[in-house]
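Database features (TrEMBL):
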- 128-415: domain 'NADH:quinone oxidoreductase/Mrp antiporter transmembrane' (DOMAIN)
- 6-23: transmembrane segment (TRANSMEM)
- 30-52: transmembrane segment (TRANSMEM)
- 72-93: transmembrane segment (TRANSMEM)
- 105-122: transmembrane segment (TRANSMEM)
- 128-145: transmembrane segment (TRANSMEM)
- 157-177: transmembrane segment (TRANSMEM)
- 197-217: transmembrane segment (TRANSMEM)
- 273-291: transmembrane segment (TRANSMEM)
- 298-316: transmembrane segment (TRANSMEM)
- 322-347: transmembrane segment (TRANSMEM)
- 368-389: transmembrane segment (TRANSMEM)
- 445-464: transmembrane segment (TRANSMEM)
Amino acid sequence: MIPFMILIPVLGGCLIAFLRDSSSKLRGGLFISITFATFIASIAVLLSFYGNGLPVLRDYTWIGEVFAVDRLSLLMVILSTFLFFLCALCGVFSRACGVDKESESSFFALLLLLEATVLGVFSVHTSLMFYVFFEASLIPMFFIIGKWGHGDRISAAFRFLIYTGAASLLFLIGLVYSRVFSLGMFESFYADVSVALALPIGIRIALWIACFFAFAVKLPMVPCHTWLPKAHVQAPTLGSVLLAGLLIKMGGYGFIRFCLSALPEISWKLSEFVVYLSAISLVYSSLVAFAQKNMKTLVAYSSVAHMSFVAAGIFSLNESGIVGAIFQMLSHGLISAALFLCVGMIYSRTGTMDMSKCGGIAASMPKLSFMMIFFSMASAGLPGTSGFIGEFLSILGIFQAFRFTAVCFAVGVVLSAAYTLRLCREVIWGSSPEGAKVIDSDINAVEFVILGILAALVLFFGIYPASVITFLKPWISAILPELQKFQLSWG
């Protein structure tokens with residue numbers, strides 16, 4: 001079932017690419033149908049997992065046992081297929097997300113190929129196939145930014161490709177070293193990692209750094225973040241939605257699968273360094289976000305800030321922190337997707353992303369204003385929303401491990417509220433400058449429903465976080481004893 005789930009968008013993308021001369025309605029209908037079928041397939045994988053009764057659902061193919069999912073994988077897979085389905089609806093029915101009819105088939109095909117690579121990243125359990133899908137995801141996003149982006153899109157596309165691609169070279173070297181010397185810790189996410197203890201400490205640290213650097217760039221963390229704001233600003237709306245909602249989550253996922261699972265003893269040794277770096281990343285990106293005039297740049301830097309909670313929560317190496325980090329990845333995937341959709345809808349009607357030039361939309365776009373206020377508050381960690389749960393659990397885990405650093409993250413929550421309130425004040429209640437483009441319409445029914453679905457999920461997970469925490473409980477209970485065993489080895 002897992003290979004079939006990945007194959008659906010691949011075949012669908014090829015089909016749409018060959019239908020470039022067909023009607024736009026046919027292409028749009030196929031695009032939505034394919035993403036919906038992939039979402040249904042992911043639900044079928046979830047049901048198979050429950051029916052299997054084992055902690056890991058393995059799927060055998062002609063190339064061997066490559067695909068396997070556990071509770072962490074399934075959470076990311078469901079999030080991925082769900083967001084791609086919403087993106088398909090936006091791409092067809094929203095003026096903010098559509099492209100010209102001549103290139104529509106290529107755009108839809110690349111989005112489907114991107115979905116296949118993202119699902120591959122979250123569905124494999126061997127390091128080699130993880131790397132293949134991890135790198136393959138760069139290709140469709142490179143063309144999406146370079147072809148359908150704004151302004152200096154070519155430069156942004158190459159910066160995205162070079163930064164993230166080059167960072168992965170160290171990761172590849174580590175994988176090759178592990179393969180050549182038959183080291184088992186990188187063979188599978190579920191392999192016995194005790195063989196790594198036989199390696200010299202310097203080699204273990206070097207392998208850990210190779211993994212960490214690749215995923216720190218992807219997440220991204222300061223100072224490896226400079227590619228992200230430019231990529232977001234120049235990317236089309238759906239490119240930004242998927243970049244923030246899913247692609248940067250590969251960084252946090254990689255931290256867990258490789259740094260923690262393959263080299264847990266080095267993670268204990270260097271956890272304090274990562275948490276301090278995360279605190280710096282949080283404060284710096286929050287201050288920079290507050291100074292921005294471009295809506296997309298502000299939301300992009302807010303993503304860097306929120307991913308700092310993910311990194312610090314993971315490397316707090318306790319239950320609260322790790323669960324909080326995963327919850328934050330889920331929450332940010334929903335909230336950031338909604339915020340970038342809101343920004344795209346404003347841009348499509350005002351023709352600008354400059355907050356000083358599109359102020360006062362509350363009167364002309366009340367429905368969009370309401371949605372933007374809600375998601376801004378959720379991003380700032382308003383109690384009752386999923387943003388609050390992710391940040392609270394992460395800070396709790398950080399406090400248990402590094403009490404002083406937890407204060408920095410509490411300050412980060414205040415800074416988050418400051419720049420999101422500034423965004424709302426200037427865009428929604430600000431004064432409209434003379435000569436500003438007249439806004440002709442509010443969001444349509446489909447756009448409102450899409451944002452409403454995201455808002456409902458943000459509220460649901462904020463009010464009933466046990467739905468996610470209980471689902472993750474068996475997984476976290478299985479990995480924590482292993483982590484604590486290596487903590488004792490460091491004395």
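Just so it is clear, glycine is given a Cβ too, placed from its N, Cα and C backbone atoms.
Per-stretch counts of Cβ pairs under 8 Å to the transmembrane segment (368-389) identify 445-464 as the leading one among 197-217, 273-291, 445-464. For the transmembrane segment (197-217), the list of distant contacts is 163-164, 167-168, 170-171, 173-174, 177-178, 183, 224, 227, 250-252, 254-255, 258-259, 262-263, 265-267, 269-270, 274, 311, 489: same-chain residues at least six beyond its ends, Cβ to Cβ under 8 Å.
Outside the transmembrane segment (72-93), and at least 6 residues removed from its termini, the chain residues within Cβ reach (under 8 Å) are 5, 9, 28-29, 31-32, 34-36, 38-39, 41-43, 45-46, 49, 99, 107-108, 111, 115, 118-119, 122-123, 237-238, 241-242, 245-246, 249, 253, 256, 326, 329-330, 333-334, 337, 341, 444, 446-447, 450, 453-454, 468, 471-472, 475.
Distant neighbours of the transmembrane segment (6-23): 30-31, 34-35, 37-38, 41, 84, 105-106, 108-113, 115-116, 119-120, 123; these residues of the same chain sit at least 6 beyond its ends, with a Cβ under 8 Å from one of its Cβ atoms.
Tallying C-beta pairs under 8 angstroms between the transmembrane segment (322-347) and each of 30-52, 273-291, 298-316 places 298-316 first.
Within its own chain, the transmembrane segment (445-464) has Cβ neighbours under 8 Å at 86, 89-90, 93-94, 96, 327, 330-331, 334-335, 337-338, 341-342, 345, 367-368, 371, 374-375, 378, 383-389, counting only residues six or more beyond its boundaries.
Beyond its flanks by at least six residues, the transmembrane segment (105-122) meets 5-7, 9-10, 12-14, 16-17, 19-20, 22, 27-28, 30-31, 34-35, 38, 42, 69, 73, 76-77, 80-81, 84, 87-88, 91, 99, 129-130, 132-134, 136-137, 139-141, 143-144, 147-148, 238, 242, 246-247, 250, 253 of its own chain at Cβ-Cβ distances under 8 Å.
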